[in-house]
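Participant: Okay, these came from TrEMBL:
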- 6-313: domain 'Acyltransferase 3' (DOMAIN)
- 22-43: transmembrane segment (TRANSMEM)
- 64-85: transmembrane segment (TRANSMEM)
- 105-128: transmembrane segment (TRANSMEM)
- 148-169: transmembrane segment (TRANSMEM)
- 175-191: transmembrane segment (TRANSMEM)
- 203-221: transmembrane segment (TRANSMEM)
- 263-285: transmembrane segment (TRANSMEM)
- 297-316: transmembrane segment (TRANSMEM)
């Protein structure tokens, strides 16, 4: 499968996770996004940013330019929609101290700490907080990782996994440190040119499907996955399943994208945030109705999400990103 298609499917999985309990793989999809981010950021840094006279400056400005315009737009829209459909949330803000409200505003603008504040108007943006933390340490992290051999690199990933297991609760669980293993896997895929043969990829995907089927079919497991996505089992399942997708991800990033596939990949970021803005009125209108009554609302919601995502991508995100790309290419290079 081509890389853009994978990103689109992951974003759509998050959307389905937020509108139906039948899909419990929202966290899984985000962890896969982190793996992809580790790969693509390394790809771009090694292929493009290192060529510039001021690589750190160009890298940081480019990443901020890519991440923030879409985030700020949807965070603002999320606040507006929340004000009209769930105004009670704003009452909590009136109790904040001056220091707390300052931190709250800071995180809503600059992302850092977003995963620790409440209330929020754009829940999926918690992952952007993690992503931005990754960007901040990335150049130094990459410089160190490039010096490691394969075994040492695997050791670092295993240490990161241990941190994930030890700090599953509390402050660290909402920071980059908890999720860094996924980014490291993506970096490993690029730096060590990690690929898998088709048999391994197919076998891993078959095992992935079998595990999903088991969790749907066994009542006890269904109760703590489909029935309750807040269980520890659900969390660990969502954070383990991405390991089975590594072969597919590793092989997909080497497939050349078509124009349509690039569109799917580019629009996935907009769609990932856009869906939450529309889910605010969606949740308001489906309140108290049965699953069967909800189906037409869900279909309309999905169509509107795709339509609005495309409009904002074409007339807002794409033009801004074109300026970003032009600015990046205009910077002075040390070599071609």
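Just so you know, glycine gets a Cβ as well, placed from its N, Cα and C.
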Participant: Using Cβ atoms and a strict cutoff of less than 8 Å, what residues sit near the transmembrane segment (64-85) while being 6 or more residues removed from its termini?
Facilitator: 108-109, 111, 119-122, 125, 128, 131-132, 135, 269-270, 273-274, 276-277, 280-281, 283-284, 312, 316-317, 320-321, 324, 327
Participant: Which listed stretch (22-43, 148-169, 203-221, 263-285, 297-316) has the most C-beta pairs under 8 A with the transmembrane segment (105-128)?
Facilitator: 263-285
